[in-house]
Amino acid sequence: MAAATRSCRPWGSLLGLLTLVSAAAATWDLTSLRCNFGSFCECDFRPDLPGEGPGLECDLAQHLAGQHLAKALVLKLLKAFVQDPAPNKPLVLSLHGWTGTGKSYISSLLAQYLFRGGLRSPHVHHFSPIIHFPHPSHIERYKDLKSWVQGNLTACGRSLFLFDEMDKLPPGLMEVLRPFLGPSWVVYGTNYRKAIFIFISNTGGEQINQVALEAWRSRREREEISLQELEPIVSRAVLDNPHHGFWRSGIMEERLLDAVVPFLPLQRHHVRHCVLNELAQLGLEAQDEVVQAVLDSTTFFPEDEQLFSSNGCKTVASRITLFL
């Protein structure tokens, strides 16, 4: 306890002043002010990363099937970002791939291993266009998102913002986030450099699938597919899609993304892996007849090769209940 007191002494006079200000104006949020003026405020940010126990790296290795590129890229960028005491910009990731390939799963894991409250943390903010931005005609009203993000970053610079189904966001909305994603020190008086923004979409999935299919046909190992092959075609698919949230937002054009993260389509053995994981989560032993029944009920494509799951692992949990 004494050590904690000593570490706070350099801030004693400032915190004393802030306490007086708070008492004089009850509407001021003392915690927010401390986060703005000091780098020591981490809210409930408690990262559990590689080298610090089993944590995120172990969970990804066990449960995220078939995604060597996504796992390696996300872990590398996240570790470097978290270990940097003064990053010069937020971490901004855009996840792309076919449905059920693990994009939402890896996002939920990041929340779980970065924040004490996981997805329930008051500093983890999840946006769905169907829920939060359902009417394109209300685009001007939705642009209040800028003030909302600013307010939450003022309360806690260590915030995580998840934007799901970017393919369904009203075009023009994401441009309000541009000031928060670049390398400036502050925006509107708010220190935002320790924030994380994750954007999720299916855009680019068809292009990724085609590269994976051509690799299989040419007998290349799946693990030989590189980020350099996929990043340009995924970026082009996003820029050419007028229905994507990044359409004419300037976010990709100004290179505000730290990475485009591709998710490969899942093959039969990957779906089997998902079934076994789900059974283990239910506390059940592997049952060959259940595993085979789920695989037999899964649709694969293309029609001739029957190579990739049309829904990835998205429907595995619901299918298992049908065969238990």
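Any Cβ shown, glycine's included, is placed from N, Cα and C.
Just so you know, TrEMBL annotations never went through curation; they're auto-generated.
Now, the feature entries from TrEMBL:
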- Gly97, Trp98, Thr99, Gly100, Thr101, Gly102, Lys103, Ser104: ATP binding site (BINDING)
- 89-227: domain 'AAA+ ATPase' (DOMAIN)
- 1-26: signal peptide (SIGNAL)
Checklist entry - Can you list the residues of the same chain, besides Gly97, Trp98, Thr99, Gly100, Thr101, Gly102, Lys103, Ser104, whose Cβ falls within 8 Å of the ATP site's Cβ centroid? => result Tyr105, Asn202, Gly205, Phe263, Gly312, Lys314
Checklist outcome for this item: Students should find that the Cβ of Ser104 (ATP binding site) has, within 10 Å, a number of other Cβ atoms equal to 17
Checklist entry - Quick one: DSSP breakdown of the domain 'AAA+ ATPase' (89-227) into helix, strand and coil? => result 65 helix, 26 strand, 48 coil
Checklist outcome for this item: Within the same chain, the residues at least 6 apart in sequence whose Cβ is under 8 angstroms from that of Thr101 (ATP binding site) are Gly66, Gln67, Gly205, Phe263, Leu264, Pro265, Leu266, Gly312, Cys313
Next on the checklist: Say we define neighbours as other CB atoms within 10 Å of the CB. Which of the binding-site residues Gly97, Gly100, Gly102 has the fewest?
Outcome noted: Gly100
Checklist entry - Average pLDDT across the domain 'AAA+ ATPase' (89-227)? => result 93
